[in-house]
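Here is the structure we will look at, set down as structure tokens.
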Amino acid sequence: MANYFNTLNLRQQLAQLGKCRFMGRDEFADGASYLQGKKVVIVGCGAQGLNQGLNMRDSGLDISYALRKEAIAEKRASWRKATENGFKVGTYEELIPQADLVVNLTPDKQHSDVVRSVQPLMKDGAALGYSHGFNIVEVGEQIRKDITVVMVAPKCPGTEVREEYKRGFGVPTLIAVHPENDPKGEGMAIAKAWAAATGGHRAGVLESSFVAEVKSDLMGEQTILCGMLQAGSLLCFDKLVAEGTDPAYAEKLIQFGWETITEALKQGGITLMMDRLSNPAKLRAYALSEQLKEIMAPLFQKHMDDIISGEFSSGMMADWANDDKKLLTWREETGKTAFETAPQYEGKIGEQEYFDKGVLMIAMVKAGVELAFETMVDSGIIEESAYYESLHELPLIANTIARKRLYEMNVVISDTAEYGNYLFSYACVPLLKEFMTTLQTGDLGKAIAEGAVDNAQLRDVNEAIRSHAIEQVGKKLRGYMTDMKRIAVAG
């Protein structure tokens with residue numbers, strides 16, 4: 001199989017990379033009705049599989065789970081989760097032939113085996129669904145021409161998909177139809193009904209493409225969402241300890257600092273995050289972020305280039321074939337780092353203290369978010385997609401670090417994201433070593449002293465922060481989500 005994206009000509013590549021349309025609420029007036037009365041079979045019962053299934057069932061759809069024979073016989077976690085939640089469970093052979101929509105929610109590395117197993121069992125004219133397009137775009141999986149291929153990709157972990165639905169809302173979602181597999185022209189109707197059944201239409205849906213979703217998703221998770229947080233955690237911890245900070249305090253400042261900082265990001269973008277700082281600290285964070293962007297830009301561009309060309313995917317798939325040797329080695333090495341093994345701090349750190357003593361961390365967040373966004377947009381990805389794959393998801397990933405440090409982040413994210421995270425962080429840490437030696441008192445671990453501020457400089461910095469393209473599109477999208485939530489709750 002050949003990488004699908006690389007089989008397209010340049011015009012087709014640009015068209016698919018740039019496909020992104022914010023869909024109106026009125027386009028979902030029929031809700032999930034297109035799939036009602038039809039049989040939906042989900043393959044896989046992990047976080048996305050279970051929680052999407054729960055939402056879809058609560059939306060009135062007929063949901064069952066197809067699992068491998070051995071998973072059922074051995075009563076593995078997937079079988080237990082499905083049965084304990086009252087779902088019908090059966091083998092591929094028992095359930096797939098009757099399915100109108102088969103939703104493949106297994107890990108990326110299992111997709112080819114799963115598709116090879118289920119495709120011969122699928123009835124003529126059925127539909128195959130994904131929540132990530134890696135198998136179609138990067139692996140180049142060939143699907144029977146009578147099968148409709150669609151994607152519904154919630155921009156949150158599975159647990160969040162469920163919790164937001166229970167609140168009467170949903171999570172922002174990308175939907176797409178594979179242009180090579182829409183024989184009856186019903187792909188968009190299926191995708192819209194599926195998205196509505198998960199609650200995504202209440203938070204905002206982008207009509208995208210398999211290509212745009214995959215390329216932007218890989219870029220976001222490798223750089224700002226995971227790679228930058230891992231590299232920043234290791235660098236900041238080592239710097240604090242080297243400067244004489246208690247390792248336990250240093251660990252807590254970083255572990256919970258990312259979550260506290262990005263909560264402001266979630267509520268009001270980079271503007272609000274920077275506004276949490278004193279004026280002298282804001283000016284310093286801005287200056288540091290500009291330095292970081294200059295240093296890291298080539299690394300971000302290399303990751304984007306390798307994602308676009310398929311170099312990243314081919315390297316990762318080679319590691320799959322080698323029993324994940326690189327992935328498992330990097331995972332083990334991360335677990336042995338000083339940050340991961342540091343003692344816990346029992347004292348309290350106030351919310352504002354995380355901002356006041358984390359100026360460098362704020363600069364890293366700002367630089368990483370803007371670089372990821374800019375690099376994606378420069379590569380042909382539309383701003384809305386770039387926003388969701390950079391700034392929007394960052395607080396969710398930061399929350400995993402707050403739970404159990406980097407270990408938890410790497411457990412929760414996909415193996416694909418974890419592999420890309422290590423590639424980035426292993427390159428970023430040495431890249432920033434010299435920069436870390438130039439830090440001043442007040443950049444990390446201590447608050448910046450109050451001092452005189454040049455009004456013109458502060459005015460210009462505030463304007464530069466607020467006028468960045470990600471702040472403009474972010475304000476629009478966050479406003480839309482707020483309005484949608486208000487309507488949903490009122491309803």
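Just so you know, glycine gets a Cβ as well, placed from its N, Cα and C.
Positions annotated as active site by Swiss-Prot: HIS132. Look at HIS132 (active site): DSSP puts it in coil. Around the Cβ of HIS132 (active site), a 10 Å sphere holds 23 further Cβ atoms from the protein chains shown.
Feature annotation from Swiss-Prot assigns domain 'KARI C-terminal knotted 1' to 209-344. Helix, strand and coil residue tallies for the domain 'KARI C-terminal knotted 1' (209-344), in that order: 118 helix, 0 strand, 18 coil [DSSP].
Look at GLU393 (Mg(2+) 2 binding site): DSSP puts it in coil. Taken from Swiss-Prot, the feature Mg(2+) 2 binding site covers ASP217, GLU389, GLU393, and the record attributes it to sequence analysis.
Under 8 Å, Cβ to Cβ, and six or more positions away along its own chain, GLU221 (Mg(2+) 1 binding site) finds GLY227, GLU389, ILE413, SER414, THR416, ALA417, GLY420, ASN421. Among the features that Swiss-Prot reports, Mg(2+) 1 binding site is placed at ASP217, GLU221.
Taken from Swiss-Prot, the feature domain 'KARI C-terminal knotted 2' applies to 345-484, supported by sequence analysis.
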Checklist entry - Could you give the Cα-Cα distance between HIS132 (active site) and ASP217 (Mg(2+) 2 binding site), in whole Å? => result 9
Checklist entry - Ranked by the number of other Cβ atoms within 10 Å of their own Cβ, which of the binding-site residues GLU389, GLU393 ranks first? => result GLU389
